[in-house]
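Copied from Swiss-Prot, the annotated features are:
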TOPO_DOM  1-115  topological domain 'Cytoplasmic'
REGION    60-101  region 'Disordered'
COMPBIAS  67-86  compositional bias 'Low complexity'
TRANSMEM  116-136  transmembrane segment
TOPO_DOM  137-151  topological domain 'Extracellular'
TRANSMEM  152-172  transmembrane segment
TOPO_DOM  173-183  topological domain 'Cytoplasmic'
TRANSMEM  184-204  transmembrane segment
TRANSMEM  207-227  transmembrane segment
TOPO_DOM  228-242  topological domain 'Cytoplasmic'
TRANSMEM  243-263  transmembrane segment
TOPO_DOM  264-273  topological domain 'Extracellular'
TRANSMEM  274-294  transmembrane segment
TOPO_DOM  295-350  topological domain 'Cytoplasmic'
TRANSMEM  351-371  transmembrane segment
TOPO_DOM  372-390  topological domain 'Extracellular'
TRANSMEM  391-411  transmembrane segment
TOPO_DOM  412-428  topological domain 'Cytoplasmic'
TRANSMEM  429-449  transmembrane segment
TOPO_DOM  450-455  topological domain 'Extracellular'
CARBOHYD  ASN453  N-linked glycosylation site
TRANSMEM  456-476  transmembrane segment
TOPO_DOM  477-503  topological domain 'Cytoplasmic'
TRANSMEM  504-524  transmembrane segment
TOPO_DOM  525-528  topological domain 'Extracellular'
TRANSMEM  529-549  transmembrane segment
TOPO_DOM  550-564  topological domain 'Cytoplasmic'
Amino acid sequence: MHYRFLRDSFVGRVTYHLSKHKYFAHPEEAKDYIVPEKYLADYKPTLADDTSINFEKEEIDNQGEPNSSQSSSSNNTIVDNNNNNDNDVDGDKIVVTWDGDDDPENPQNWPTLQKAFFIFQISFLTTSVYMGSAVYTPGIEELMHDFGIGRVVATLPLTLFVIGYGVGPLVFSPMSENAIFGRTSIYIITLFLFVILQIPTALVNNIAGLCILRFLGGFFASPCLATGGASVADVVKFWNLPVGLAAWSLGAVCGPSFGPFFGSILTVKASWRWTFWFMCIISGFSFVMLCFTLPETFGKTLLYRKAKRLRAITGNDRITSEGEVENSKMTSHELIIDTLWRPLEITVMEPVVLLINIYIAMVYSILYLFFEVFPIYFVGVKHFTLVELGTTYMSIVIGIVIAAFIYIPVIRQKFTKPILRQEQVFPEVFIPIAIVGGILLTSGLFIFGWSANRTTHWVGPLFGAATTASGAFLIFQTLFNFMGASFKPHYIASVFASNDLFRSVIASVFPLFGAPLFDNLATPEYPVAWGSSVLGFITLVMIAIPVLFYLNGPKLRARSKYAN
């Protein structure tokens, strides 16, 4: 682990301030540091500095550089611009930038192993809290007995957890984009609260209290899911971003399936309450590890801190940072608009976002519906034990991993290499893979439903579930990348916040009616066939959505006031 990981971690920052900058000092605070002339109090801007950064006219990414997706926007091409802007004198202010294109303090210049370790940490964090969504579901029967409630009510804690991490991004995503807060402090503080909440959740003695605690747990679990992709983008070059996001999202997509796997073992060996003690332990371990090893990577926050250090060293109050300039111009009204209204406006008014939200919400809901459907067949028909039922969820993980190993080399061939060859690459490059994912998703649902009968081997439904999961992974990856490449940087946070809220609300209600849907459509020979077929026909129709984007993507983006 590199020294800067500890220096810029939560513990490192606290130690730095408590020791009055004696420990974990930064390069600018070294005795032999030579302050660049432009930061000195008596520095006079020359004609060469006249082309200053215009914060209102030019979108700047979180590394303090012109945003790649904003450049060359006239031809709707995805391009990259990693050139540092050396023109950093803005009127009477001196805007702090990186010390050259190869500044080692810039996370995008970290060595590959350090980037990989950072992405692993974000993925582990996501997995350690995200498995909490369905971790207790193997113990629902025991929960129903203890609290004297029905199945639908016993499913409410799952529903409210999912709603919680749909609402959370409306609060935490804007905070993580503010230079004062950054990403790491939000990760650590919310993770600490999540860990603490697992204690009363494990001890609560009524369903109302359990539901409230589960909602709060989901709310404080949301930053890693909502901001994890942005953290990956902090350290990964633009042309490698789809690969980095795929690596991180393995934890996000596989996490809910790990929950029932461990939950089934704990329920059999102890009780449903121990599923929450397990969450306390695993997320607590994650908290301790990340306190020491998770560095800040948000460029605006790092430059904000650098500006503060340079002001202290030089006594020059003209020194500022991009983040400080943005905060000084942000009004309370603008903050409310960006945080609460714009995600809703974009969802309703943008056809591209609305259609993607509907499709992804459906796919997301199907994955959560498996937590209700698997017991109907594997326990009710094949008489699996609870632990054996837990292992069946690993078929979802296997399907996702296989899809990732196929997706990464394909996307490198179709996206990364053309960009490195300086060829034009359009957002629609992701869509053919999404169409393939849609076909796999639909095929998997039909395979799962019609192979799950009383006479065939149970491996058939597992193959169908794995195929469904593979398709879901491809749809998630490609449509998220398509949205990220299609909209202006200023609106990306609102676009994804709307998606988080929309898909979480829709997915949260599916487990409530999942079992009744399959029970009402069941036949003696095929207990889940017709229920799966209903979902299969719906997803078959929805394949038209990526096909529409592939045929008319540029036209749809041209009509949008938010798109590139």
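Here the Cβ of each residue, glycine as well, is placed from N, Cα and C on the backbone.
Counted over residue pairs 6 or more apart, the CB atoms of the transmembrane segment (391-411) and the transmembrane segment (529-549) come under 8 Å in fewer than three pairs, which marks the two as apart.
Averaged over the topological domain 'Extracellular' (264-273), the predicted model has a pLDDT of 94. Between the transmembrane segment (184-204) and the transmembrane segment (243-263) there are fewer than 3 Cβ pairs closer than 8 Å, counting only residues 6 or more apart in sequence, so the two stretches are not in contact. The recorded stretches the transmembrane segment (274-294) and the transmembrane segment (529-549) do not share 3+ CB pairs below 8 A when only pairs 6 or more apart in sequence are counted, and are therefore not in contact. Taking Cβ pairs closer than 8 Å, the topological domain 'Extracellular' (264-273) reaches residues 136, 138-140, 142-143, 146, 202-203, 385-387, 389-391 in its own chain, all 6 or more past its ends.
Of the Cβ pairs linking the transmembrane segment (429-449) with the transmembrane segment (116-136) and spaced 6 or more residues apart, fewer than 3 are under 8 Å, so the two regions do not touch. Helix, strand and coil content of the topological domain 'Cytoplasmic' (477-503), in residues and according to DSSP, is 25 helix, 1 strand, 1 coil. For the topological domain 'Extracellular' (264-273), the number of residues in each DSSP class (helix H, G, I; strand E, B; coil) is 7 helix, 0 strand, 3 coil. In the topological domain 'Extracellular' (450-455), helix, strand and coil residues by DSSP number 2 helix, 0 strand, 4 coil. When each of 243-263, 351-371, 456-476 is scored by its Cβ pairs under 8 Å to the transmembrane segment (529-549), the top-ranked stretch turns out to be 351-371. Residues 62-63, 68, 80, 82, 107-108, 110, 115, 118-119, 122-123, 125-126, 176-177, 183, 248-249, 252, 297-299, 411, 415-416, 419-420, 430, 477, 480-481, 496 of the same chain sit 6 or more residues outside the topological domain 'Cytoplasmic' (228-242) yet have a Cβ under 8 Å from a Cβ within it. With helix defined as DSSP H, G or I and strand as E or B, the topological domain 'Cytoplasmic' (412-428) counts 11 helix, 1 strand, 5 coil. Below 8 angstroms of C-beta separation, residues 69-70, 73, 76, 346, 350-352, 426-428, 431-432, 435, 485-488, 491, 495 of the same chain, each at least six residues beyond the ends of the topological domain 'Cytoplasmic' (550-564), sit close to that stretch.
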